[in-house]
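These notes concern the structure reproduced below.
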Amino acid sequence: MPAFKELVFSGVQPTGNLHLGNYLGAIKRFVAMQAQYECLYCVVDLHAITVWQDPGELTRQIREVTAAFLAAGIDPARSVVFNQSQVPQHAELAWIFNCVARLGWLNRMTQFKEKAGKDRENASIGLYDYPVLMAADILAYRATHVPVGEDQKQHLELTRDIAQKFNNDFAGAIAEHGHGEAFFPLTEPLIGGPAARVMSLRDGTKKMSKSDPSDYSRINLTDDPDAIAQKVRKAKTDAEPLPSETAGLEKRPEADNLVGIFAALNDASREDVLREYGGAQFSAFKGALVDLAVAKLGPIGAEMKRLVADPGHIDAVLAEGAARAEAIAAPNIAAVKDIVGFVRRR
Ligand code: TRP
């Protein structure tokens, strides 16, 4: 495999309010990656409409996710911040990949099975095709690294399968057009971080989710300090004090989750947290967690509210990002069309 320039791509869907799980599992890591990589961060609105979205609400959420990126510290002068539907190459490459990916591969996607549920006949074709569009997102930029959660690992594997099959099927044309041995990189997932999985505050065995009916199960990024405090204080725990070693968190999912959240917010490890709070009662630990969460999330929520009040500014950031994204993707897609054998408009 030839060397590809290191490039990070990731996407967040503009559906449902953003919560602590989205922040610690994704956005906070996106911010940190800017120091090491050239990064593109995309609001994936084409993915959002694979299930029904109220149009007005979709518009609001696209701007809100953008605001969250900026408020959390993604620097639009350095990283490319944009929304998918403004860059036509995503959908264009997805079509070509539809003709590379195999039905059998998509039939194995567990997320489709979960999202479609029992009424599969009534799922949109877009929902089925979702992973192919995701491969197009990543490979339109020939991105080498993708920070994602555990739940997206299978989609990343599909992305690699599509890249590999394209590289093999078109090996002759790829070489003829001067692209060497392979046109697409085999993209690596970047999974992990201290709180890759933030769990519900009501049930430590379930992921924190925008679709949980109880708002007490999650901390939303726009929650005010009072709401944050109330939710942390009401978070489910067990009756024991905190252990002093991480081994003592096993089989205590709620304790493990709160310690993990504390660690991730404080850029520390679970060990560090237990060194300080081992033996403490939850009442004391929750007090410290409220202070920490309010200190870290309060300013982000406030900045988000300030930003969404000025949609003109957000739209300008997105327009500038789309232009920069398209400048990278357009030559790649033009090359793909040459490789496939299409005739260019002259
Ligand atoms: N499927 C991802 C999710 O739900 C969102 C996404 C779309 C994405 N395209 C992507 C993530 C490309 C990483 C790279 O979390």
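Just so it is clear, glycine is given a Cβ too, placed from its N, Cα and C backbone atoms.
Secondary structure at Glu150 (ATP binding site), as computed by DSSP, is helix. Of all the Cβ atoms in the protein chains shown, 13 others lie within 10 Å of the Cβ of Glu150 (ATP binding site). Residues or ranges marked as ATP binding site in TrEMBL: Gln13, Pro14, Thr15, Gly21, Asn22, Gly149, Glu150, Asp151, Val198, Lys207, Met208, Ser209, Lys210, Ser211.
Here TrEMBL flags 14-22 as motif ''HIGH' region'. Note on the motif ''HIGH' region' (14-22): DSSP counts are 3 helix, 1 strand, 5 coil.
For Asp137 (L-tryptophan binding site), the same-chain residues that are 6 or more apart in sequence and have a Cβ closer than 8 Å to its Cβ are Phe9, Gly11, Cys42, Val44, Gln84, His90. TrEMBL lists Asp137 with the feature L-tryptophan binding site.
Residues 15-21, 197-201, 217-218 of the same chain lie 6+ residues outside the motif ''KMSKS' region' (207-211) yet bring a C-beta within less than 8 angstroms of a C-beta in it. The motif ''KMSKS' region' annotation in TrEMBL covers 207-211.
The 6 Å Cβ screen around ligand 1 retains Gln13, Asp137 from the binding-site residues Gln13, Thr15, Asp137, Glu150, Met208, ordered by sequence position.
Taken residue by residue, the motif ''KMSKS' region' (207-211) breaks down under DSSP into 0 helix, 1 strand, 4 coil. Following the DSSP three-state reduction, the secondary structure of Val198 (ATP binding site) is coil. Each of the binding-site residues Gln13, Thr15, Asn22 was ranked by the number of other C-beta atoms within 10 Å, and first place falls to Asn22. Counted over all residue pairs in Gln13, Pro14, Thr15, Gly21, Asn22, Gly149, Glu150, Asp151, Val198, Lys207, Met208, Ser209, Lys210, Ser211, the record's binders of ATP, the longest Cα to Cα distance measures 19 angstrom.
With a 10 A radius on its CB, Lys210 (ATP binding site) counts 15 other CB atoms from all the protein chains.
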